[in-house]
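Read the structure below first, then the notes.
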Amino acid sequence: MKIHTNITIFGGTGDLTFRKLLPALYTMYLTKKLPKDSRIVIIGRRDYDSDSYRLLAEEWVEKFTRLPYTKEDFSKFSELLAYFRMDLSNQQDYQRLNEYFSQDDITSHIFYLAVAPRFFTVIADGLETVCGACHGKVIIEKPFGENLEAAEKLNQQLERHFGPEQIYRIDHYLGKEMVRNIQAIRFTNPIFTDVWNSRYIESVQISALEDVGVETRGGYYDASGALKDMVQNHLFQILSIVAMERPEVFNSTQMHQEQLNVLRSLRPASEASIEDTLILGQYEGYREEPLVSPDSSTETFAGLRLFIDNERWSGTPFYIRTGKKTGTRQMEVSIVFRRSMPEVEPDILTIKIQPTEGVYLQFNIKRPGDTEEIIPTKMDFCQNCNIIHQLNTPEAYERLLTACIAGERSWFSQWDQIEISWNYIEQLKQLFKEKNLPVYPYAQGMHGPKESEEFLEKAGHRWIE
Ligand code: BG6
């Protein structure tokens with residue numbers, strides 16, 4: 001059989017495959033983003049065959065698809081699915097996989113490693129002995145290693161097997177519609193472009209609050225915490241996009257370079273400044289979550305106050321916060337402008353990333369009527385409000401898989417970005433530990449511990465709600 005694109009998913013019975021990858025592939029099939037003659041090989045250890053796996057997959061696709069599910073569509077899509085049972089750590093099984101692949105004439109391979117990082121190397125070894133990785137592309141999921149050292153080792157091991165141009169490191173936040181929109185809003189509107197600096201911007205806030213707790217991922221999360229789970233990757237990506245200089249050309253190399261320059265200019269924290277740089281919290285009840293240690297001090301909330309030491313941003317703090325069980329799901333970036341007069345409210349531009357996708361602008365007007373009072377007012381543009389079930393934007397994984405098929409690399413994290421952000425976060429954690437700073441408890445439903453309010457108040461700021 002002639003197969004144009006063969007997508008192999010390792011970890012085919014895991015949460016990520018069921019919730020994100022299969023629904024994304026189904027939608028890509030419906031919207032014709034999957035190349036003609038594609039096949040999706042699901043690798044798992046459990047005892048399924050292609051038919052029984054298709055039945056299982058159908059339930060998940062029906063539940064999580066962005067576009068309407070129909071039995072007919074799914075049945076056509078499911079013809080692309082094949083289940084291949086194997087043990088990831090058994091090198092002989094890769095021989096079988098090779099034999100399976102060699103039955104067909106495959107033009108290009110994509111290997112998606114939707115598994116815990118400890119399996120990356122064994123899979124890389126296996127693919128090497130099988131078909132020299134078939135010159136395919138390899139998609140790696142975060143967390144990319146548990147710490148800097150592990151990430152470095154992993155990177156070396158992967159690069160031993162695959163060329164740098166073969167490796168696609170996914171950060172699904174880069175696939176979100178409004179994250180991609182930050183540059184458009186900033187660079188195509190002179191009203192923003194020309195004031196995008198510390199002379200006009202008092203502070204920048206990146207806020208990622210989640211309603212959910214750690215759910216079934218207590219084991220992973222307890223060894224990770226909010227800093228490594230969200231800040232080191234997703235939120236540092238956003239920070240570097242918001243703060244970067246305009247690239248001469250918007251291609252992946254230059255974008256990447258500009259983002260990197262931002263991360264390199266992050267002011268290192270010191271023993272003296274750590275208290276004003278980092279605040280951590282843990283939601284009440286976290287220690288009773290399954291697989292979480294009963295005396296855990298892992299943070300489920302992190303707040304940061306960072307400075308970028310370059311000409312554009314000198315003196316403007318960048319605040320980041322993220323937390324679980326905060327009673328809301330809200331991911332946004334707010335640009336708080338300097339006030340024209342001390343007695344008026346600041347202008348605020350908020351780019352809403354999710355669940356609402358849109359742009360909010362707060363500015364001042366005169367109160368209507370016989371008064372000179374100045375009051376803040378707002379313009380609130382919601383991109384996905386009325387069309388949520390019709391024209392809803394592609395889900396991040398659809399974009400990223402499509403980008404990978406097309407070889408478009410600017411949608412993926414680069415190793416040097418990962419390395420710098422790991423380094424930065426590890427230093428913060430180390431200083432925090434050395435200073436013996438507390439992890440504050442917070443009640444579920446709160447936007448972090450009350451101390452996180454004081455953390456900003458000390459600097460004359462407040463979280464934008
Ligand atoms: C993942 C984190 O990378 O991102 C999760 O591991 C977090 O803990 C998730 O919940 C948030 O993603 P999204 O797309 O729901 O904002």
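Heads up, the Cβ atoms here are built off N, Cα and C, so glycines get one too.
Binding of NADP(+) is attributed by TrEMBL to ASP87, LEU88, LYS142, and within the candidate set ARG39, ARG45, ARG186 the record adds ARG45 to that site. Site annotation for substrate in TrEMBL covers HIS172, LYS176, GLU210, LYS324, and the matching candidate from ASP194, ASP229, ASP347 is ASP229. Here the domain 'Glucose-6-phosphate dehydrogenase NAD-binding' (9-181) has a mean pLDDT of 91 out of 100. Checking each of the recorded positions LYS176, GLU210, ASP229, HIS234, LYS324 against ARG45 (NADP(+) binding site) by C-alpha distance, the shortest gap belongs to ASP229. Ranked by how many other Cβ atoms sit within 10 Å of their Cβ, the binding-site residues ARG45, LYS142, LYS176 place ARG45 at the bottom.
The two recorded residues, LYS176 (substrate binding site) and HIS234 (active site, proton acceptor), have Cα atoms 11 Å apart. Take HIS172, LYS176, GLU210, ASP229, LYS324, the residues named in the record as contacts for substrate: the widest Cα to Cα gap among them comes to 20 Å.
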